[in-house]
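Engineer: The structure under discussion is supplied below as C-alpha cells; questions concerning it will follow.
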Amino acid sequence: MTPGPKMTRQQILTLIAMASINFSSMICYSILGPFFPHEAEKKGVSQAVIGLIFGCYAFCTLVGSLILGKYIVQIGAKFMVTAGLFVSGGCTVVFGFLDRAPEGTVFIVLCFVVRSMNAVGFAAAVTSSFAISAKVFPHNIATILGFMEIFTGIGLILGPPLGGWMYQSFGYEIPFIVLGCLLFLTVPLNMWILPNAVASQASFFRLCTRVKIMLVCFVVFTLSSGIGFLDATLSLFAMEKFSMSTGSVGLLMIGVSLPYGAASPVFGIISDKYPFIRRWMMVSGGMASAVSFCLLGPVPVLHIKSQLWLTVVMLVVIGFSLCMTCIPTFAEMLICAHENDFEEGLSTLGLVSGLFSAVWSAGMFFGPTVGGYITQKLNFEWSAGVQGALAFLAVSTNISGITSSQKILHYLRR
C-alpha cells in the first residue's frame with residue numbers, strides 16, 4: 001500500500017510536483033495569521049471585517065473549485081495547475097504592497113480584490129492536483145494524500161513563524177514578496193514534470209445527490225471551518241489573553257500544523273490498509289475536535305480559566321484530530337462515486353476534487369466570517385465553542401449514516 005521502490009519515474013515526479021504545490025501554497029496562505037489581523041486593525045479594520053477578508057479567500061476558492069472541477073477536461077489539468085500557481089504567486093506579491101494603500105475603505109476593498117484573485121489561482125492548482133494524484137495513484141490515494149499532507153503541514157508549520165519573523169525584521173512587504181517568488185519558481189517545475197491527461201464528461205449534479213458523499217462533505221466542511229476560524233482569531237486572542245508577541249503567536253500556531261503534518265502519513269497508510277475503518281476514523285477525529293474546541297477557550301459554561309498550557313495542549317489535539325478526520329474523506333468520496341457508476345477517469349476525479357475543494361473552501365469561509373462575528377459580539381471562547389458544536393453535529397450525522405447503512409446491509413442479507 002505504501003509508495004516504495006516499484007513506483008515509476010512518472011509517479012515519483014508527480015509526487016515531487018504535488019509536494020511543491022502543497023508546500024508553497026500552504027506557506028503562502030499561512031503567513032498572514034500572526035501579523036495581518038494586527039496590521040489590519042492599524043488600518044481601521046474591525047474584527048468582523050478581518051474575518052471576512054480571510055473568508056472571502058475561501059468563498060472564491062469554493063466557487064472556483066466547483067467551476068474548474070467541472071471543466072477540468074476542457075481546460076486541461078496540467079495547464080490549470082501551472083496557471084493557478086502563476087496567478088497565486090502574482091497576487092501574493094501584490095498583497096505585500098497593500099500596506100501603502102490608504103486606511104479604511106480603499107485598503108479593505110483592495111484586500112478583498114487581491115485575496116479573491118489569489119483564491120481562484122489556488123483553487124485551480126489544488127483542484128487539478130487532487131485529480132492528477134488520484135489518476136497517477138489510483139489504488140492507494142489515501143496513502144499518497146497522507147504523504148502530500150506532510151508538505152501541507154510543513155508549509156503550515158513554517159508559514160506563521162517565518163512570516164512573523166520576517167514581519168518583525170523587515171516589515172510588511174518582504175514576507176509576501178519572498179513567498180510569492182517561491183510560488184513563481186514552482187511554475188516551470190510543474191510544467192516540466194506533470195503528466196498530461198484526457199477523459200470524458202461526467203455529471204456534477206448526479207454526484208451531489210449521493211447522500212453518503214454529502215455526509216462526508218459535511219465532515220470536510222466542519223474541519224476546514226475550524227482551521228479557518230483559528231487562522232482569523234487565534235492570534236488576537238493569544239495577544240490579548242496571554243500578552244504574546246507576533247513571533248510567539250507564530251510559534252503557537254505550530255501547535256496545530258505540526259501534529260497534523262506528522263500524523264498525515266500514518267493515517268494515510270491506515271486508511272488504505274484498513275478501508276473499513278475510514279468512517280470511524282472520521283467519527284473519532286470529529287469527536288476529539290469537538291471536545292478540544294470547547295476546551296480551547298474554554299467555553300464559559302465550563303467555568304475553566306484560560307491558561308496558555310491548556311490552549312497549547314488543545315491545539316495539539318486539534319491538529320491530530322483534524323488529520324484523522326481529513327485523510328479518509330477524499331478516498332471515501334471517490335469510492336462512493338465509483339459505487340454509483342461514475343467512470344474511473346479524470347472527469348470523475350475532477351468532479352470529486354472540485355467538490356472536495358469547494359466544500360473545504362465553504363468551511364474556510366464560514367469559520368473566519370462567522371467566527372470573527374461571534375468573537376466580536378461575544379468573545380473567542382464562545383466562538384470556539386460553536387466550532388466544537390459543529391464538529392459534534394458532523395459526528396452525529398455520520399454515526400446515523402453508518403447505522404443506517406448497516407441496517408440496510410443486514411436487511412439485504414436476510
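Note: Cβ is positioned from N, Cα and C throughout, glycine not excepted.
Grabbed the feature section from TrEMBL, which reads as follows:
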TRANSMEM  12-32  transmembrane segment
DOMAIN    14-406  domain 'Major facilitator superfamily (MFS) profile'
TRANSMEM  44-67  transmembrane segment
TRANSMEM  79-98  transmembrane segment
TRANSMEM  104-132  transmembrane segment
TRANSMEM  144-162  transmembrane segment
TRANSMEM  174-194  transmembrane segment
TRANSMEM  215-237  transmembrane segment
TRANSMEM  249-270  transmembrane segment
TRANSMEM  282-302  transmembrane segment
TRANSMEM  308-334  transmembrane segment
TRANSMEM  346-366  transmembrane segment
TRANSMEM  386-404  transmembrane segment
Engineer: Per the definition of 3+ C-beta pairs under 8 A with sequence separation of 6 or more, do the transmembrane segment (308-334) and the transmembrane segment (249-270) touch?
Structural biologist: yes
Engineer: When you scan the chain for residues with a C-beta under 8 Å from the transmembrane segment (144-162), skipping those not six or more beyond its ends, what do you find?
Structural biologist: 3, 15, 18-20, 22-31, 33-34, 133, 137, 175, 247, 249-251, 253-254, 256-258, 260-262, 264-269, 271, 323, 326-327, 330-331
Engineer: For the transmembrane segment (104-132), name the stretch out of 12-32, 44-67, 79-98, 174-194, 215-237 with the most CB-CB pairs under 8 Å.
Structural biologist: 79-98
Engineer: With contact taken as 3 or more Cβ pairs under 8 angstroms (pairs 6 or more apart in sequence), are the transmembrane segment (215-237) and the transmembrane segment (44-67) in contact?
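Structural biologist: Output yes: the transmembrane segment (215-237) sits against the transmembrane segment (44-67).
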Engineer: List, by number or range, the same-chain residues at least 6 past the transmembrane segment (44-67) whose CB is under 8 A from its CB atoms?
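Structural biologist: Here the qualifying positions are 29, 32, 36-37, 103-104, 107-108, 111-112, 115-120, 122-124, 126-127, 204, 224, 228, 231-233, 236, 353-373, 375-376.
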Engineer: For the domain 'Major facilitator superfamily (MFS) profile' (14-406), would you mind checking the mean pLDDT of the predicted model?
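Structural biologist: Averaged over the domain 'Major facilitator superfamily (MFS) profile' (14-406), the predicted model reaches a pLDDT of 80.
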